[in-house]
Amino acid sequence: MTNEDLLSDSENDEDFAYKSDKEEDFSDSDDESRKLQRRIDAENKQAMAKEEVKVDKDAMRKIYEEMKSGSGAANEIKPVTVKKPDVTTTQTTQQETASTTPTASTTSTTTSTTSAPAPASIPSSAATNKVKKPKRPKKGSLLDAMNKPKKKLNTLEQSKADWGAFVDKEGIGHDLSQHNKDGYLEKRDFLDTH
């Protein structure tokens with residue numbers, strides 16, 4: 001068997017990955033240093049977050065005291081800016097590149113990032129005290145009246161309205177009152193009175 005036959009057999013395996021001569025196994029010290037770096041990064045983030053909260057609380061107390069004293073409206077309120085300490089982190093990532101050629105190599109990239117200080121500003125008390133009115137609908141009052149849901153009538157009321165409209169339309173109201181002597185209501189009245 002030649003090297004090409006061995007490679008073609010290996011490439012058919014689902015879990016096959018090329019390994020170059022330059023690859024080195026990671027030692028425990030590299031793994032520990034990565035864990036240590038992650039822990040340090042997490043602690044730095046937590047410290048910066050606590051500092052921001054502390055600064056925000058102090059600024060809010062100052063604003064509250066100014067509002068409480070009543071002199072806040074006459075004086076100009078300046079936004080508070082927070083300066084974050086510059087933190088430089090170095091991250092090393094190793095990427096393996098898989099290809100169909102047997103000479104795949106591992107690349108190592110080192111990047112350095114610097115976070116720029118982002119000033120945080122507290123909105124002025126005058127802007128926060130302003131009460132916003134609810135927005136008025138944009139339709140005209142006539143359209144609002146037309147779009148209101150109509151009151152639904154129950155079946156009995158609808159039947160009475162339909163019968164009344166029919167009687168008025170046909171003009172048979174007088175005839176019904178004269179010739180309705182054999183109706184149910186008349187019989188009930190007769191029985192109740194006698």
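Cβ coordinates come from backbone N, Cα and C, glycine included.
Per Swiss-Prot, compositional bias 'Acidic residues' is recorded for 1-15.
For 1-156 (among others), the entry in Swiss-Prot reads region 'Disordered'.
Look at Swiss-Prot and you will find 32-68 tagged as compositional bias 'Basic and acidic residues'.
What Swiss-Prot records for 88-128 is compositional bias 'Low complexity'.
The annotation compositional bias 'Basic residues' is assigned in Swiss-Prot to 130-139.
Taken through DSSP, the domain 'BCNT-C' (133-194) splits into 39 helix, 0 strand, 23 coil. The domain 'BCNT-C' annotation in Swiss-Prot covers 133-194, and the record cites sequence analysis as its basis.
According to Swiss-Prot, the region 'Disordered' annotation covers 171-194 (among others).
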Over the domain 'BCNT-C' (133-194), work out the mean pLDDT and round it to an integer.
80
